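Participant: First, the structure itself, so that you have it in front of you.
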Amino acid sequence: MNPHESALLEDLNPPQREAVLHGDGPLLVLSGAGSGKTRVITRRVANLVKVRRVFPWRILAVTFTNKAAREMRERLVQLLGAQANDLVVSTFHSSAAMILRREAEHVGLTRSFVIYDDGDQLNVVKRAMREAGIEQSMQPREILHRIDQEKNAARLPEHMVVEPGDERGMLVRRVYAAYQERLRAANAVDFGDLLLLLVTLFRTRPDVLENYRRRFHHVLVDEFQDTNPVQYELLKLLAPPPSANLVVVGDDDQSIYRWRGADVDNILNFPQQYPGARVVKLEQNYRSDQNILDAANDVIRRNPRRMDKKLWSDRPRGADLTLLLNRDERAEAQEVARQILALQREGLIRFSSMAVFYRVNAQSRVLEEALRLARVPYTLVSGRSFYDRAEVRDAAAYLRLMVNPRSDADLLRIINTPARGIGDTTVERVTDHANSRGVSLYEALSQPESIPDLNTTAVKRLKGFRNLVASLATFALDAKDAASAVEQMLLETKLVDSLQAEGSDESQTRAENLREFLGAAQEFDLNRAAAAVAAAKNAAEVPPEVDAAPLTADVPPLQAFLEQISLVGEADAEVGEGRVALMTLHAAKGLEFDAVFLPGMEEGVFPHARAVKAEAMQHDDEAPRDTDPTEEMAEERRLCYVGFTRARKRLFVSLAQCRSLFGELRYNPPSRFLQDVEPKRFGISEQDLTTRARPPSTAAVAPRKRTWDEDDGPRIDRSYSQASDDMDGVGGDVRGMRVRHEQFGLGRIIAADGSGPNAKVTVEFGGGVGLKRVIARFLMPG
Ligand code: ATP
Ligand code: MG
């Protein structure tokens, strides 16, 4: 074994090593959470380059988020040095965007095409519907959703399957076709197109496909369980069955993107698609303490149709899970903040090793407030939020228009921003004129005099606007880097000046955001320059006849910058040094933290209300049948498994008796996932169950004011939960026991903290009373 090889293999177990050393041909690595799948991909890439002497530009590694790609690249730089710069490590979408830009002419685009986001897409759908006179017939959002689904399934309008008589289906197909036409006319694509157009190109132009097959000898995919059909199709084209060097790693139990068209069958059927594929199973989890892993297994075990996998850990049992019971979502947030501070004070876990995951974004506001008040530093991981701000979108719209003046959506966005006296009626007339001529708005503006019904002032203003864009476009053409183009744009458009002139606090913040945007461009330029230096160094090694150029070569800097910001995803934000990370459960996949908090463990929050409702209605013949209710609940369960298995040492699950969410007050029962976790994971023993479980029978008449709503005094913002140390009292040992309360009637004990007659017990009462927290001595056996 050469020294390179041994260093790369040293800290791998035998099956991991087998996967890293696997020679040529397809390979599936299938295993549970935290078993080193991502590590295997990284090491395998390093081994290919270092030991097997594969040129780095022959390797394409696909990850799920830009953030994951960045982390993998950093690891590879450590293992390989500068050579790592020639690897293509990216998401499906950004590698597709890079290839598509090189081949733009083949798909009816130019190289300066822009990428439309969700908001742009919706505008295009609305305009297509208005044009066809059908804006009343269906919700634009629903149509857009259906279009996205068709794209995920790799179907163009002409491939859509519509049953005869399915009027809505026909309508969707019609709008879809018009929508595609509009995008092409604007020299724009949406996210789905990046993959769909590339697949279409590869299917119809074998010569083009051949170039990429020749280039990429090794394709590796992380989180394979979440690929959708169009992504899988792309893989099959680039690395065709039966024998290409396609390595996929994944875990069927962590498939959580079904709503985006991901198909867990891809992983289940991989061995059929690639007959002869080697299958390696990793069974040792290196991440989580035993107790956490056991709890995760308690939950996932109940899912039907799982692949056969084992997962064990030789890590210590570790701490008990902590259950936090709270009055409401505010108390919950404060309790989470308090626990975070306590952990940090103990000195064992740093803020940066802690995370809070929630099911829906709406939960984050209250959590943020509480963390701010408690002075806990945190980062909200919601990558798009910065680029979704109105002023940042305005700036981006100008830039996109500069590289691609045909982009009507962008032009409409900023034609009167900052205000320059171009009113809605004028815009309407320009639009009508452009439509009747079949030209873009920008083109229509080249001769505003010829647009009917415009007065001279309007004509003058339109001319001024057009000249501004034209002069910026010329500047962009020669700009040596992205930042200088951004700077020039901010200067000439007066976007910053006009905000500053407003003089409010809010407008100041918005002006600062624009400066931050400029900062992002500067950072982009620096990274690009560094990559170019590294690439030039390696270029000498490449045989001249081979296409080894970085996929982004020749893309002008401003365009490359725009592409990068268009592709920023929800999970991509960098968590600041020394900060707690807040994110959705979906964004948490692949990550790990010492301590994890899961607030909102309630029916209707997690599992999501939609899944609960679908399940409740599954025997109702009237119920809509567009989703499979059992599958929906199974996906929630997988999401819970993902959440639990992010934790290394501490797992806090939390719920609130009542919660305002989406402007509605709810009393949710505890999550079924909590009920599935065995009591002993919370440190409640069998013995507790028999000896200490006696609910006090000395019940007195319980006055109304002894319910948990009031017994804590007037400071309503104090949470009831007291961390895990209290949980060994009567504790959850009485869980499930039927009890009776003088006032609330019959119920079932959900949880308790404290011990003896004064323990605080959470009971789910029947008869519409719901969850109540009462003092144990007011209960009688039911
Ligand atoms: P997930 O399913 O969550 O994506 P994964 O299977 O990709 O997890 P990794 O993230 O690669 O797992 O590894 C989990 C943790 O275990 C990481 O901290 C990794 O460094 C560590 N690890 C993996 N393999 C080993 C090993 N052989 N020895 C020691 N630590 C390991
Ligand atoms: Mg992983």
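Keep in mind that glycine also has a Cβ here, set from the backbone N, Cα and C atoms.
No curator has checked TrEMBL annotations; they are predicted automatically.
According to TrEMBL:
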BINDING   S31, G32, A33, G34, S35, G36, K37, T38  ATP binding site
DOMAIN    10-289  domain 'UvrD-like helicase ATP-binding'
DOMAIN    290-590  domain 'UvrD-like helicase C-terminal'
REGION    690-730  region 'Disordered'
Participant: Measure from each Cβ of the binding-site residues G32, S35, G36 to the atoms of ligand 1 and list the residues where some distance is under 6 Å.
Facilitator: S35, G36
Participant: Using other CB atoms within 10 angstroms as the count, which residue among the binding-site residues G32, G36 scores least?
Facilitator: G36
Participant: For ligand 2, which among the binding-site residues S31, A33, G34, S35 have a CB under 6 Å from it?
Facilitator: none
Participant: Mind checking which of S31, S35, T38 has the fewest other CB atoms within 10 A of its CB? They're the binding-site residues.
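Facilitator: Comparing Cβ neighbours within 10 Å for the binding-site residues S31, S35, T38, T38 has the fewest.
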Participant: Per DSSP, S31 (ATP binding site) is which: helix, strand or coil?
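Facilitator: S31 (ATP binding site) sits in a strand per DSSP.
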Participant: Around the ATP site formed by S31, G32, A33, G34, S35, G36, K37, T38, which additional residues qualify by having Cβ within 8 Å of the site's Cβ center?
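Facilitator: For the ATP site the neighbour list reads D251, L282, N285, R287.
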Participant: Within 10 Å of the Cβ of K37 (ATP binding site), how many other Cβ atoms can you find? Include all protein chains, please.
Facilitator: 25
Participant: Using a Cβ-Cβ cut-off under 8 angstroms and a sequence gap of six or more, which residues of the chain neighbour A33 (ATP binding site)?
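Facilitator: Listed in sequence order, they are D251, D253, Q254, N285, R287, S288, A296, L311, Y641, V642, T645.
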Participant: G34 (ATP binding site) has how many other Cβ neighbours within 10 Å of its own Cβ?
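Facilitator: There are 25 such Cβ atoms around G34 (ATP binding site).
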